[in-house]
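*Asks:* Per TrEMBL, the features are:
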type	residues	note
BINDING	GLY42, ALA43, GLY44, LYS45, SER46, SER47, ARG148	ATP binding site
BINDING	SER46	Mg(2+) binding site
BINDING	ASP64, ARG88, GLY110, ARG167	substrate binding site
REGION	1-22	region 'Disordered'
REGION	203-231	region 'Disordered'
Amino acid sequence: MPSTRNSPRSARRKAQRGRVPEPAEIRARLGDRSAVLIGMMGAGKSSVGRRLAARLGLPFVDADTEIEAAAGCSISEIFEQHGEAYFRDGERKVIARLLEDGPQVLATGGGAWMNETTRENIAAHGVSVWLNADLDVLLRRVKRRGNRPLLKVEDIDSTLRRLVGERYPVYALADAAVHSRDVPHDVVVNEILAALDRCLPPAADEAASDESAGDQSVSDETTGDDTRMTS
């Protein structure tokens, strides 16, 4: 079996490393799948997601907004009136419905990925990208907004630190991860496109080209072996 280390696909990936893939190429390779952004509150899923969707020519959907539309009230009100367990069940159902309507760029709430069924649905219908933000960045961002139900506590720092400790090991199961930080949104979008380029299967024409080139490589190696054997 020929080595894959120097295969045409491997060589192409090395040559392309560092470039920003064409959004149209990524869009084509997504097919019917959605690009699903996961991560903590304040990681930038909505703001970055809108720009990513514009670059890919896809609709942007915010799961939290859809949950509020379905419930007819805000997420804070859902928590206050029904509790977190009720909210999480509704969140799971709404995300499952949204995933049936792909392709799209879908931003999910911070706790959505913690549900195993939701992770399975995302794996079946999309590609998951974790926006991984450092704790100090998250603290600075979420303190500017007071509408986070889980952070309506006296000690926001300790609560957020606990959530990071619980969630980050599970977020790490995502297909790809990108560092969310205080840089222009387009910088993070470019890194998401590069991450999608690495984890998506190649386009059909690229796969066919690689297969053809691989067959030729095997043929050349075999011919060389035959020549050595008969000389």
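Cβ coordinates are placed from backbone N, Cα and C, and glycine is handled just like the others.
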*Asks:* Could you give the Cα-Cα distance between ARG88 (substrate binding site) and LYS45 (ATP binding site), in whole Å?
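*Replies:* Given the Cα positions, ARG88 (substrate binding site) is 19 Å from LYS45 (ATP binding site).
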*Asks:* Given a separation of at least six residues and a C-beta threshold under 8 Å, show me what packs close to GLY44 (ATP binding site) in the same chain.
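*Replies:* In sequence order, the residues whose Cβ lies under 8 Å from that of GLY44 (ATP binding site) (at least 6 apart) are LEU131, ALA133, ARG141, SER180, HIS185, VAL188.
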*Asks:* Could you state the whole-number distance in Å separating the C-alpha atoms of ARG167 (substrate binding site) and LYS45 (ATP binding site)?
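*Replies:* That comes out at 16 Å between the alpha carbons.
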*Asks:* Roughly how many angstrom lie between the C-alpha atoms of ASP64 (substrate binding site) and GLY42 (ATP binding site)?
*Replies:* 13
*Asks:* Tell me which residues of the chain lie with their Cβ under 8 angstroms from that of ALA43 (ATP binding site), as long as they are six or more apart in sequence?
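*Replies:* For ALA43 (ATP binding site), the qualifying residues are GLY110, LEU131, ASN132, ALA133, LEU138, SER180.
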*Asks:* For LYS45 (ATP binding site), what residues in its own chain, 6 or more apart in sequence, show a Cβ-Cβ distance under 8 Å?
*Replies:* LEU37, ILE38, GLY39, ALA107, THR108, LEU131
